[in-house]
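Listed in TrEMBL for this protein:
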DOMAIN    1-68  domain 'U-box'
REGION    137-168  region 'Disordered'
REGION    212-233  region 'Disordered'
Amino acid sequence: RAVSGEVPEDPVVSKKSGLLYEKRLIERHIADYGKCPVTGEALTMEDIVPIKTGKNVKPRSLTAASIPGMLGMFQNEWDALMLSNFALEQQLHTARQELSHALYQHDAACRVIARLNKERDEARSLLAQAERQAPLPGSAVTAVSNGKRGSFSVSSEEEDIPGAKRMRHGVSDSIIAELTECNAALSQQRKKRQIPPTLAPIDALERYTQLSSHPLHKTNKPGITSIDINPSK
């Protein structure tokens, strides 16, 4: 009774303190701690003496021997059940609040992730569009004009960078001389050519105005992908 508070089925008594224990409970306590659970003194199994009782009659508690005692036991069990039910309801309410908070946090995190992904995709598309529309640097290529060949140059920064790709002349001097000679001959022929009467005069060209503009097709802005010209108009 000193440990469980109930009438023991296999009772034993301590030689040192004279307290009554359930045998299986005191054996486990001695194996774990090696002392008496009530007095705290050192205790071994040699200090435990078994008590012989009749096995044909199971001992009952004093409160279960009368109707008022049984009513008191029922009342105590009902009170314990109500307290346990109240504790379970509180735990359920707390778990519902934690679950609701976790769901709100998850929903907010999903919204933030979706917004960040959208901003990332927009930034990537703007960057790709800017790279397609960016002009070539002026130091790399000189524009070709008046039928003369363009000259390629390498900046000093590119020369200082190890492993940088350098632009080299792909046309030999002999081919350049041949092209220059052909250009001079064709230019003399063009000067002698008569202007056809069907050619529009300069005054008419100056009066031309833009009626409409149709840009080419892009990845982010759909435009023209094919064109057909009506020769009559």
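Note: Cβ is positioned from N, Cα and C throughout, glycine not excepted.
Regional average pLDDT for the domain 'U-box' (1-68) in the model is 78. Within the region 'Disordered' (212-233), the DSSP-based counts of helix, strand and coil residues read 0 helix, 2 strand, 20 coil.
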